[in-house]
């Protein structure tokens, strides 16, 4: 599935093997899970011996092995989808519209469809395992009058179980988008894989049980009202009869059959559990620390060394793991630190340190730029709505670079289009583009975050962009006035919440062509939907901040260690730059946290498998930034007075030296 | 040879305001840099006893009948399954008979199982308050006006938790003393300032952890509860110990009821529980100053030493009692600990290189006894006095030159609680030499002690006394490791002198590093 230019050595040699290992483990774990499922699904309190012997004979039968092989296939498929869809930078929908865009994205559609089918397969295996009345889709029956011989009638229990599987499979895929289940987060604490798995297993079991319960509730409601449709369709397609002597299942009394509910629930739990375990194992394996060599004696391995890898941009995961390794080596490994501080053998240049520090600093200053640009956009929107040109120009110039460097969408003309979509996704994109300078998100960060990329949605948003008709080829390019409005909408929504006024209708029209356009119902509706998630823009700004956190940790630990370990004084030459970068970022972060909605902590949803740690990355970044500056000031103390820096920064640094920040 | 109290110089006959110390009996205020002294006094009468019982506010409200469903939901939310069953069993008039009976049965079964559990771990029968008092590092915690005390690791600032559940922050350079109060801040067992940060203070409370962010430049004397992060985890109460990682964002917390030690990423308010079988809880935590290891004591005769790279642990079972206290040498290579019911100090040496994974293989195989603090009679001009006893807590000064041992004593047997101070040397060989006793005013006993990490001229021990006073005892010395050239010229600094000099040449505990 990887196109040739993206399959770098790291993906081939490390990531794929990690994925394969995680899949192998999930297949192995399928054995006990299945056995447990068999035991629980055939549980009978009053005939324990019969129960155990039946389960044992079932587990050893050939047909059970066939369904087990089917389950293995499903698990491998889920594992493959994990590998294909995972991302280390979450795609954050800044509005409900963007979220809808993600859900309707063709890529997501494939995901949902395949999961739906796999749900059916798993449910079929469950039905087969439980046996009894669930065993097969048709059962012989004798219709009383007309027919002479036995006919096949529809077994509705079987059908319901299959439908539950399909429903849970689809909702798994859907919930995965909404809660970013494909997002792989890195942990602050390092633990061995087994211990991490052991710690997470109870949560996964609980999450799957609870999730299955919720899914079942929704499904039963749906089936109660619309159960007739699939039943009739199946009967028609497969030429089955409906047994009129048995009551159909979409009635209250038959749906409240406890045994049926239990079997449906336990099947759903089993389905989700196997999938969640696969996801969990994949996350654990793929985020494992990879130790890159700091320098290599052979030139052919040079591209695998930390300084090369960290500046590289190919797969995002490589960059993340490289920075994680940098942060860890700077804290824990004196011998590897010595290599960082060493000079190149002929020439005596500190190439390694230069490469590492340069990359970290460029990441940090990129974040600073992003924050400043975001703050400026918000400020201009809030202040003057009619000063269209000024703010417009600024944002155009600020986004110019990012747009040109994005390059992965078919944009022939660099127009300020990228900024139009919800601000968060723009900054996310520009971070990927400008910060890492090449489109490296393709295999690892699926392009789900562009809300208007699906044709359906483009049509929906048509009224929003009257000039869009002039440039039909560029899906994401919109007219400047919308661009200005896009960011304004959610910032204005914060105002409206503060003042208690109703959500704003579209502001004064800046261009004459726009003036004639009456805001239709759809426009108002869409914009109201766009106002919904004000905090998301801040989350989106910091979506990839794990990189920055590691860069900060790595830099500050290396600088602190250089106080005693740097023999040649190579760190001193970069110290002024490092300090000024940190202080500038500190200033930008402080300003950002003064914006409304940025300081509010999101509630934790503990019961879902979705990882919401990206929601709090900005707090982690803020705290790490402060700690990093303190680490440098605490190590160097008064010596920092000798460092060249501007008066403003000196004042700021003095605050840090006096522990007053 | 082992160090014992018999080799100590006898304490001076005590009187007067200041706490006494044999080396330099001086007014502590002199040693407080150029800022006013932080001699604090919290007489117990001035602190209102906290009468905030859960039922106390009930009388102010009219009785309100809720439906069974609402009450059950509330009970489920507040106290989980057992609360729900209790609620159903108690309201037998409103529920069907079978439900009431069956929930009573399940409840009885649960209680029976939990009684079995608590017969394994007797500490589980204690109430939360008793548990905090039992496992706190403070002597007689429930009676003490000062519940906890913490110096800021980098600057002259300290936080004092008082028995009225408030925390006061003193900074000699600032006129404001912020008072921290929070609805959830009850029975504070421990305080610690976050390293490499000016403002964050972790507070171990009754059923949660609070992390206060007290802006040092703010002029407010009552920071709002919005400045506090509440970190709670089901089953994790009461919290009796907290420890920040010396160089990172992590915070570990321990509760005697929870078998898991929680590692918090405070900024994002998420935690990772580290479960291990055995012990029945975690009572005391101490993070080594180099950040590589964490000591975790349990209520049973077992403690663990975690390494913080991959978070694996090493068990130390088969003690005589539970590990009461422990402290790390500044380089993290040596752990001293004391065991409840014993009067000796044990030492563990970690020789391996921190940072190497699986470092535990190089850990020590056995603990050695380095000091004996059993009862001894010392001759003083005023007559013989008895010293010694069980050890309440151990603190090591940040330079590794002084070790203060808080001896519990036994008031009935005429042995007062007191603080014995040892001189220590870590390299090239570990040495422990007697130094002297720290005594308070007549009739007072030390409750809590901590070294000031920011004292320039040696070490400074802050002691909270039973009468509510907090005093600072300076120990002035030239550090052997890094001599400070500027100090010699200052005439007002008495260096180590007097009687202890006689004992200087006695190497009482020496362990050559092989």
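Cβ coordinates come from backbone N, Cα and C, glycine included.
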According to TrEMBL, region 'Disordered' applies to one of these ranges: A:290-333, A:334-377, A:378-421. Which one is it?
A:378-421
Among A:55-79, A:200-226, A:262-286, which stretch has the most Cβ pairs under 8 Å to the transmembrane segment (A:112-130)?
A:55-79
Six or more residues out from either end of the transmembrane segment (A:20-43), which same-chain residues have a Cβ under 8 Å from its Cβ atoms?
51, 54-55, 58-59, 68, 71-72, 75-76, 78-80, 82, 126, 129-131, 263, 266-267, 270, 273-274, 277-278, 281-282, 284-286
Tertiary contacts of the transmembrane segment (A:55-79), as residues 6+ beyond its ends and Cβ separation under 8 Å:
19, 22-23, 26-27, 30-31, 34-35, 38-39, 42, 114-115, 118, 121-122, 124-125, 128-129, 131, 274-275, 278-279, 282
